[in-house]
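Peer 1: For Lys191, the entry in Swiss-Prot reads SUMO2 cross-link. Per Swiss-Prot, domain 'RRM 1' is recorded for 20-98, and the stated evidence type is sequence analysis. The domain 'RRM 2' annotation in Swiss-Prot covers 106-186 and is backed by sequence analysis. The domain 'RRM 3' annotation in Swiss-Prot covers 244-322. Per Swiss-Prot, the feature N-acetylserine maps to Ser2; the stated evidence is similarity to another entry. As annotated by Swiss-Prot, phosphoserine applies to Ser2, Ser100, Ser158, Ser197, Ser202, Ser221, Ser318. If you look up Swiss-Prot, you'll see Arg206, Arg217 marked as omega-N-methylarginine. As annotated by Swiss-Prot, asymmetric dimethylarginine applies to Arg217.
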Amino acid sequence: MSNGYEDHMAEDCRDDIGRTNLIVNYLPQNMTQEELRSLFSSIGEVESAKLIRDKVAGHSLGYGFVNYVTAKDAERAISTLNGLRLQSKTIKVSYARPSSEVIKDANLYISGLPRTMTQKDVEDMFSRFGRIINSRVLVDQTTGLSRGVAFIRFDKRSEAEEAITSFNGHKPPGSSEPITVKFAANPNQNKNMALLSQLYHSPARRFGGPVHHQAQRFRFSPMGVDHMSGISGVNVPGNASSGWCIFIYNLGQDADEGILWQMFGPFGAVTNVKVIRDFNTNKCKGFGFVTMTNYEEAAMAIASLNGYRLGDKILQVSFKTNKSHK
């Protein structure tokens with residue numbers, strides 16, 4: 001099972017044969033389908049616009065598809081609207097790709113990179129293997145330097161395989177240690193769950209402000225007993241159509257949704273936040289939930305924020321299991 005928008009691409013884009021169909025990522029959660037159509041109609045005639053929503057709850061998942069009548073208008077929409085700032089989001093506009101086995105599982109996890117390498121450096125290094133759909137270098141928010149970890153999604157799995165064969169164990173210029181290049185984890189495959197543990201144990205200062213680092217002994221492992229007891233698949237983190245749900249425990253009474261947006265937003269696309277409140281006092285009961293569209297971004301948010309201090313509270317952050325928290 002793929003994560004993010006690729007599941008929907010199978011049903012929404014399978015008949016697309018031209019370059020008129022676009023996918024729009026990182027939309028504001030309160031943006032409507034009509035507003036999506038209106039925005040893209042300013043470029044040219046839109047044949048269809050579809051905002052993808054949670055099939056049960058009905059809320060926006062933060063992305064949609066726009067199909068133009070002409071390929072020229074679609075190309076102009078990408079050059080005009082890609083990177084547009086909408087509310088607190090910067091939208092990404094690109095061609096939608098029909099789902100097929102050829103393009104599945106083409107996402108790489110790279111670690112051990114020199115801290116001086118930028119996103120452009122990483123793309124330049126890997127572009128010889130094929131077309132890069134997107135890339136992300138994880139940056140320490142305090143120092144502004146790379147954390148030596150990156151994700152790259154190729155157009156085809158064969159391109160990703162070639163990159164692994166050529167670069168796994170390779171020493172890039174400026175590095176005294178070999179880098180690790182492998183397929184990014186699919187959390188529905190137990191053999192790949194070690195990635196979360198790797199992310200969790202890595203240096204994890206990602207969020208500035210009132211969050212302060214705590215000693216490792218205070219950290220609550222997202223791979224703890226409650227999660228590992230479900231290794232058969234019952235309680236391991238899995239993604240429903242709504243994305244990857246993260247459980248945050250030990251929030252202060254005054255915590256609100258704005259704090260969660262501020263904390264998790266820097267890691268990637270957040271589609272929903274919820275603080276659980278006491279019915280009588282309307283104060284936070286100490287926990288909340290955040291839903292993110294991308295597994296790697298959710299895993300990194302957990303690795304960075306679990307065990308950190310918010311106010312006078314030490315947060316416990318983990319993937320939500322199938323067990324209900326009351």
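Here the Cβ of each residue, glycine as well, is placed from N, Cα and C on the backbone.
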Peer 1: Could you measure between Ser158 (phosphoserine) and Ser318 (phosphoserine) for me? Cα positions, answer in whole angstrom.
Peer 2: 33
Peer 1: Which has the fewest other Cβ atoms within 10 Å: Ser158, Ser318, the modified residues listed?
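Peer 2: Minimum Cβ neighbour count within 10 Å, taken over the modified residues Ser158, Ser318, occurs at Ser158.
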Peer 1: Three states by DSSP: which one describes Ser158 (phosphoserine)?
Peer 2: helix
Peer 1: When the domain 'RRM 1' (20-98) is classified with DSSP, how many of its residues are helical, how many are strand and how many are coil?
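Peer 2: Counts, helix then strand then coil: 20 helix, 30 strand, 29 coil.
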Peer 1: Can you give the mean pLDDT for the domain 'RRM 3' (244-322), rounded to a whole number?
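Peer 2: Over the domain 'RRM 3' (244-322), the predicted model scores a mean pLDDT of 85.
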Peer 1: With DSSP assignments reduced to helix, strand and coil, which class does Ser318 (phosphoserine) get?
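Peer 2: Note: Ser318 (phosphoserine) is in a strand by DSSP.
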